[in-house]
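What TrEMBL says about this one:
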DOMAIN    164-240  domain 'Signal transduction histidine kinase internal region'
TRANSMEM  12-30  transmembrane segment
TRANSMEM  42-68  transmembrane segment
TRANSMEM  80-107  transmembrane segment
TRANSMEM  119-136  transmembrane segment
Amino acid sequence: MQFRLPKYTSKDYMVLAIVIVPFSLFYNIMAFQYNLLSSLPFFLVTLVCTMLAFSVYFTICGAVAVLMKKRFPKEEQLNVRLSLMISTFLIMSGLFLFLLFNIYAAIPYFGYSFNETSFVWAYFSMGISNIFLTFLHEGIDRYENWTKSIDETNKLRATYQRSRLQGLRSQVNPHFLFNSLNSLSSLISEEGDDAEKFLDEMSKVYRYMLRSESDTMVTLNEELKFLDSYYFLLSARYGNGLQMTTHIPDEHRYLLLPPLSLQVIIENIITQNSISKTSPLRISITAMDGSLFILNNVQLKTIKDDFESDAALDNLLSKYRLLNHQALVTEKENERIIRLPLLQQQEEVAV
């Protein structure tokens with residue numbers, strides 16, 4: 001088990017390294033005054049002892065600060081957190097100095113006798129130092145969080161741009177187009193009416209795909225209408241080997257999600273799993289509690305033939321993170337569930 005010292009920010013111990021020597025010298029001068037310079041060994045021994053004591057005190061204060069941060073993490077709790085931290089540190093600094101000065105007084109080598117005036121001035125100066133260091137660490141923490149959020153935003157922005165490129169590719173997916181044309185050719189040779197219906201649904205699919213590039217969000221109802229046409233094309237190819245059911249309450253139909261979300265997920269399911277009439281691939285789409293759930297039975301292919309669908313699904317999940325929402329993929333032995341949050345209002349993606 002690895003032991004880690006408590007840290008309020010990543011720069012805690014860099015700050016300690018900077019302030020420890022001047023702080024120790026200052027409080028040694030307050031305590032020992034001119035006796036501090038009586039000899040070099042005495043000067044070094046007292047300096048090292050005080051530095052060690054301050055290091056322990058600093059570490060304990062760091063642990064208290066971390067606990068306060070965990071207890072009051074929210075932005076609106078900042079004033080409460082700072083007030084409690086400063087009050088606690090002022091009490092701790094008084095106890096620390098009282099203990100340190102009395103230890104020095106108890107050890108004959110130091111030749112020190114407790115002086116109330118020196119103690120009061122030391123406590124006053126340490127109180128000011130505590131307040132300064134508390135605000136310094138809070139400022140460092142806020143700066144680190146800001147730079148971290150900037151980095152995350154840049155990464156997600158790059159992911160979103162890849163997602164848009166992936167969306168363009170999926171709109172003209174040659175495999176899907178080739179398979180659709182093959183199905184259309186078969187229907188034309190067999191039954192003209194079905195071919196006309198297929199061509200109509202195919203035009204709806206590509207019309208929606210082309211329109212979706214300009215939309216940041218669409219209603220679930222629009223996605224479901226698209227899915228009806230998309231499923232019609234898939235059914236022409238897979239027949240009874242692909243079975244899809246939807247159960248969407250009316251109150252969820254006009255909530256929002258990124259366009260082509262269902263197409264990305266359905267395509268990913270199909271490319272990962274084997275499909276046959278004897279062992280059909282079943283997909284169930286439901287909505288509850290403000291989320292859309294896509295469930296499918298798992299019957300993985302021995303060899304995958306399309307890895308772009310995995311990238312498209314990853315990009316969809318990243319798009320939700322960019323919108324500050326969490327989409328979840330739950331893998332089980334015999335089924336997989338994907339949960340997509342449905343949004344109440346239009347939310348723009350920063351690009």
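Cβ atoms are placed via backbone N, Cα and C, with glycine included.
Outside the transmembrane segment (119-136) by six or more residues, the chain places 15, 19, 23, 26-27, 30-31, 61, 65, 82, 85-86, 89-90, 93-94, 97-98, 101 with a CB less than 8 A from a CB of the stretch. Sequence-remote contacts of a segment are chain residues at least 6 beyond its ends whose Cβ falls under 8 Å from one of its Cβ atoms, and for the transmembrane segment (12-30) they are 5, 36, 46-47, 50-51, 54-55, 58, 62, 97, 100, 118, 121-122, 125-126, 129, 133, 136-137, 140.
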